[in-house]
Amino acid sequence: MDFNMKKLASDAGIFFTRAVQFTEEKFGQAEKTELDAHFENLLARADSTKNWTERILRQTEVLLQPNPSARVEEFLYEKLDRKVPSRVTNGELLAQYMAEAASELGPSTPYGKTLIKVSEAEKRLGAAERDFIHTASLSFLTPLRNFLEGDWKTISKERRLLQNRRLDLDACKARLKKAKAAEAKATTVPDFQETRPRNYILSASASALWNDEVDKAEQELRVAQTEFDRQAEVTRLLLEGISSTHVNHLRCLHEFVKSQTTYYAQCYRHMLDLQKQLGRFPGTFVGTTEPASPPLSSTSPTTTAATMPVVPTGAALAPPEEAALCLEEVAPPASGTRKARVLYDYEAADSSELALLADELITVYSLPGMDPDWLIGERGNKKGKVPVTYLELLS
């Protein structure tokens, strides 16, 4: 019990000394040991990294989950070390409503058939969104969160310890300075009024006491300087590790961009397929014989464009027979052909297009006046138009 009380009293004394030194520094009444410029730059760089990592992390969470209530729920599950329950995405919920609407309104009607097709596409979009959120959370959010909850906490702890060591060092410097000033005053020659033997004895005794105090202060200063240098080196090594953190975050950022690219490519492919499927429905966009409200003008080009949307496909440039005939007669240019790797399977909509299989290599080139979203692809003796979004150009 006595040992604990002594330790408690010692800790209280150290805390009080640090508080006095800190207060005097704030009021400009004490000197402060300044860190070198390189160390200050490392501190500023670490603080900037931490602040921007927090902002990027929060905004990415908003991007992946716009609902704040859902984010709070996921945060609580993570803190409780419990598995986050599976959540239906907005696209999947929309697909469910469309499928139920088609079942009730009539799945055999043009509107019902279209609802079913769109619901299937929305369901695939929802599944793609779920995969993107999962991949982005693992490859991007988790490393950022690990840095803030792991490495940064260690850096902050060592910085606080360095601050305490610096306060102890400056307090020892101030104590030594005061002891030397008192020693110098005690060793001065006494004036004519202090020439009695008793005064000489007292002066010599005080000088000896202040000599011991100076020796003790110098010893404490050497110890404080050693501890401060050791702690400064530890903190410096941790701060220099921020460069490795940047490298790791850069790799994670590439993974995030890759997952986002894959997600949007899947969405584009699903919607392109849906658009082609809707274009093949003969009565998809044909209204009923007795519309509820008559159109403003049966001859208005604006009304026609609004009620009869045109689905652009590769075959829109020419009829299938003419397009196939033109492609067979067209020779590839002498220069400008490139190799391309197919990213996804593609089913040809008509004879003018070339069916593709994932990971196969084909030769592609463009023709003057051709739609930039399409290229001419060749595989052996087969030739046809291929969408650019399904290809990765190699050379």
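Cβ from N, Cα, C; glycine included.
Note that the coordinates shown come from a computational prediction; the quantities given were computed from them, not determined experimentally.
Note on TrEMBL: of 11-38, 179-206, 207-234, 291-318, the range annotated with the feature coiled coil is 207-234.
On the 0 to 100 pLDDT scale, the coiled coil (207-234) averages 84 in the predicted structure.
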